[in-house]
Amino acid sequence: MWQLLLPLALGLGTMGLGRAELTTAQHRGLQVALEEFHKHPPVLWAFQVTSVDNAADTLFPAGQFVRLEFKLQQTSCRKKDWRKEDCKVKPNGRKRKCLACIKLDSKDQVLGRMVHCPIQTQVQRELDDAQDAQCSRVERAGEDPHSYYLPGQFAFIKALSP
């Protein structure tokens, strides 16, 4: 029996996080990301989340920052119907690998967002650096820029004092 369960457990472990394993903030971030994705004019078909590969949230004074990496696949529904439960994933439909960075305040209002979902074959290394920079800007949304200090930030001021 164990010989049958071990491959199943290993297979499920490599599939990424399930939607049930996401925190409340991560669920809200995923919802905001899907809404944002389906707003874009080039998107004609509804897409469905096939896996969540990475999910992290960080609490800041201005709110909660959520970073999600997930995969989408095209369904048989038009984009206006993306919320419908009966939309089936097309076996040969387009696939997208997404990075979403969402900043939520204490009332679940969106302070900042960045959603990037290129077609999976178009993912390039240069874009990853630009996405990380955009994600960092979203992470700092609503924060006081003077609430934290970097090492050595005041070293020159003290050195110039008599």
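Note: Cβ is positioned from N, Cα and C throughout, glycine not excepted.
Cross-referencing CYS101, CYS117 with Swiss-Prot gives CYS101 as the cysteine bonded to CYS135, criterion being a recorded disulfide. Per Swiss-Prot, CYS98 makes its disulfide bond with CYS117 among CYS77, CYS117.
With respect to their backbone Cα atoms, CYS77 (disulfide bond) and CYS117 (disulfide bond) stand 19 Å from each other.
If you take the Cα of CYS98 (disulfide bond) and the Cα of CYS87 (disulfide bond), they are about 20 angstrom apart, rounded to a whole number. With a cut-off of 8 Å between CB atoms and residues at least 6 apart in sequence, the same chain places PHE37, PHE47, LEU72, ARG96, LYS97, CYS98, LEU99 near CYS117 (disulfide bond), listed in sequence order. Most Cβ neighbours within 10 Å among the disulfide-bonded residues CYS77, CYS87, CYS101, CYS135: this distinction goes to CYS101. In this structure, CYS98 (disulfide bond) is part of a beta strand by DSSP.
On a Cα basis, CYS101 (disulfide bond) lies 26 Å away from CYS87 (disulfide bond).
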